[in-house]
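The next block holds one structure in the form of structure tokens; read it before the comments.
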Amino acid sequence: MSGRGKQGGKARAKAKSRSSRAGLQFPVGRVHRLLRKGNYAERVGAGAPVYLAAVLEYLTAEILELAGNAARDNKKTRIIPRHLQLAIRNDEELNKLLGKVTIAQGGVLPNIQAVLLPKKTESHHKAKGK
């Protein structure tokens, strides 16, 4: 016999992605490839893409949760760029992180200067006093 065949030897274990090993949804392999191809450093460690993918996943989940809340507040079931804008600009830390970022079709935060608001009339209070 040639020594080749199904009998003998261990069966190869099912391949497991680095994302599933790390318990992530974001692609660790793709992040690793992009780090290598991007000329950020001569060498890229094995833990770096896992950490970066985890950070990206966390930030994405945080923004999507706040945007989902904004959509629900507006009685909508689909997140649109306006909801992303409201979520980011109303959160102090995310607004600082993404301060220079422009979101297409995001609009602006509703804001009216206090001096432009109508003044409360005092005649109502004087009438009660008499």
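Using N, Cα and C of the backbone, Cβ positions are placed for all residues, glycine too.
Residues or ranges marked as region 'Disordered' by Swiss-Prot: 1-22.
The phosphoserine annotation in Swiss-Prot covers Ser2 and is backed by similarity to another entry.
Sequence annotations record features per position, and here Swiss-Prot assigns N-acetylserine to Ser2.
Positions annotated as symmetric dimethylarginine by Swiss-Prot, on the basis of similarity to another entry: Arg4.
The citrulline annotation in Swiss-Prot covers Arg4, and the record cites similarity to another entry as its basis.
The feature N6-(2-hydroxyisobutyryl)lysine is assigned by Swiss-Prot to Lys6 (among others), with similarity to another entry given as support.
Annotation comment: Swiss-Prot describes 7-19 as compositional bias 'Basic residues'.
Swiss-Prot lists Lys14 (among others) with the feature ubiquitin cross-link. Look at Lys14 (ubiquitin cross-link): DSSP puts it in coil.
Positions annotated as ubiquitin cross-link by Swiss-Prot: Lys16 (among others). Taking the Cβ of Lys16 (ubiquitin cross-link) as centre and 10 Å as the limit, one finds 8 other Cβ atoms among all the protein chains shown.
Taking a C-beta cut-off of under 8 angstroms and a sequence separation of 6 or more, Lys37 (N6-crotonyllysine) has no same-chain neighbours. Taken from Swiss-Prot, the feature N6-crotonyllysine covers Lys37 (among others).
According to Swiss-Prot, the N6-(beta-hydroxybutyryl)lysine annotation covers Lys37.
The N6-(2-hydroxyisobutyryl)lysine annotation in Swiss-Prot covers Lys76 (among others). Lys76 (N6-(2-hydroxyisobutyryl)lysine) counts 13 other C-beta atoms within 10 Å of its own C-beta, drawing on all protein chains shown. In the three-state DSSP scheme, Lys76 (N6-(2-hydroxyisobutyryl)lysine) falls into the coil class.
Feature annotation from Swiss-Prot assigns N6-succinyllysine to Lys96 (among others). Sequence-distant neighbours of Lys96 (N6-succinyllysine): no residue of the same chain at least 6 apart has a C-beta under 8 Å from its C-beta.
Look at Swiss-Prot and you will find Lys96 (among others) tagged as N6-(2-hydroxyisobutyryl)lysine, backed by similarity to another entry.
Residues or ranges marked as N6-glutaryllysine by Swiss-Prot on the basis of similarity to another entry: Lys96 (among others).
Per Swiss-Prot, ubiquitin cross-link is recorded for Lys120 (among others), and the stated evidence type is similarity to another entry. Counting every protein chain shown, the Cβ of Lys120 (ubiquitin cross-link) has 7 other Cβ atoms within 10 Å.
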In whole Å, how far is Lys120 (ubiquitin cross-link) from Lys16 (ubiquitin cross-link) when you measure between their Cα atoms?
67
